[in-house]
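Novice: Feature list, courtesy of TrEMBL:
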DOMAIN    B:103-186  domain 'Peptidase M48'
REGION    B:241-261  region 'Disordered'
TRANSMEM  B:32-56  transmembrane segment
TRANSMEM  B:68-91  transmembrane segment
TRANSMEM  B:271-293  transmembrane segment
Amino acid sequence: MALGDLEREVMTQLWDASEPLTVRQVHELLGRERDLAYTTVMTVLDRLAKKKLVVQQRADRAYRYAPAQSRAEMTAALMFDALSATPDQDAALAYFLGQLPPGAIRAALDATPKET
Amino acid sequence: MTALLLGALGLTLSLAVPGVLAGARWPDRAPVAAVLLWQALTLTSVLCALGVVLAAPEEMTRAAGADHPWTVVALVLSLAVAATIVIRLLISLIKVSARARARRERHRMLADLLDRAERHRELGGGEVRVLDGALPLAYCVPGREPRVVLSDAVLRILDREQVDAVLEHERAHLRHKHELVMESFTAFYQAVPRPLRSRAPLDAVHLLLEMVSDDAARRRAGPAPLRAALARLSDAVPLAEEAPADPAGESRRRRLDRLAGPAPNSTGLSVLAGVAAVGLLVLPTVILVVPWLDQALDAWPFRSL
Ligand SMILES: [Zn+2]
C-alpha cells in the first residue's frame, strides 16, 4: 500500500474519532481491514506530525494524536488556497472557473455546510 | 538611428500593442497562435530594450569619436544596464517557479489527504481527487505528480458526461504544460518596475489558455457537455451580487460563445498570427543588422567599380 494512501487512512481515522487516539488505537482501527505493522503506523503518525497536520499530546504515559484541524476546516482552507491563487502572484494553479473576488470566495466557503 | 528605432519599437510594443491585442476578439478564433503572439510580443520588447541599451553608446561613440574618454564609461554603463535587465528577468523566473512549485507540492499533499477516494472510483484516472464541499470547484495542480481536483458539489451538479468534459479540460492544461506559460508571463510581469506593469498580457493569456483547453476537451468530449458544465458550474457559484464588475463574467461569456456554434477556430487567422509572431521576433535583429550590413556593403571594395 502506498504511503500516501496510508497517510490518508490514518488522517481519516483521526478525523472520525471523537477524541485523540494512541498509536495502538489507530493501529487497531486500521488493522481490522488489513495486516499492518505497528511501527508503520507510528512512522506515519510521526510524518504527519512533522508536517504539522497532526498534533501530539502526552497523556497517561502515552502519546495521543489529534488532527490539527477538522476535515471541514482543512478542506475549506485548501479550496481557499486554490481559489485565491491569482496569476500575478505565483501562477500557482490553473482553474476551470475564472478568478473569484476574495469576498465571494469567503461567502461561498462559509455557505459550505460544515460536517460535525 | 538604430537605438532610436529600437526604442520606438520597444515602446510601441510594450505600451500600445498590448492594449490593442487584449481588446481584440479575433484571438478567440486562434487561441494557440494568439498565445504565441503574446510570447513574441513580450520577448521582442525585451530584445528592443536590450538593443537600445547596447546600440546607443556605440552610436554616441561614433558621433563623439572613438578615443573620447566617455566612450568607455558609456560602454561599461550600457553593459551593466543590459546585464541588469537579463538578471532581473532570470531571478524573477526562478522565484516565481520555485514559489509555485512549493505551493503546488503542499496543495497536492493536502488534496491527497482530504481525498474522498470512494467517490471517484468509477471516474477513472489515478490523478483525480474529490474534496467535500458544497462549492462547485474544479481545477488542476500541475507538477511531477499532477492532480485534477473536483469538489463533491461538481459530482452532484453535473452528469457523468459533463464531469468527463471537465476532466478532459483540466487534463489538457496538464498535458500542454500551461503552467509554464503562465509562469513565464508572471515572471515578466513581476520583473517590470511597478509603474510600468500591465496586467493585460497576464489576463489575456490566461483566458486564451482556457480556450485552448476548452478546444482539447471539445475534441474528446464534444462541445455540448463542456458548455453545459461551464454554464452550470458558474451559475452555482453565488458571486453575482458580490461582484458587480465581474471580469470573470465577460471571459466566461466568451468561452460559452465559442462552444455554442461549430468549431470557431480559423486556420487562416492562426497562420497569420503565427507569421506575425515570427516577424516580431526577428524585427529587432533586422533593425540592428541592416545598418551594419549597409556600412559593410559601403566598404565593399568592388562597390566603387
Ligand atoms: Zn481551465
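Glycine residues also receive a Cβ, built from the backbone N, Cα and C atoms like all the rest.
No curator has checked TrEMBL annotations; they are predicted automatically.
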Novice: Under the DSSP assignment, what numbers of helix, strand and coil residues are found in the domain 'Peptidase M48' (B:103-186)?
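Specialist: Secondary-structure composition of the domain 'Peptidase M48' (B:103-186): 49 helix, 13 strand, 22 coil.
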Novice: Mind checking which residues of the chain, 6+ beyond the ends of the transmembrane segment (B:68-91), have their Cβ under 8 Å from one of its Cβ atoms?
Specialist: 46, 49-50, 53-54, 56-58, 60-61, 187-188, 191
Novice: Mean pLDDT, the domain 'Peptidase M48' (B:103-186)?
Specialist: 90
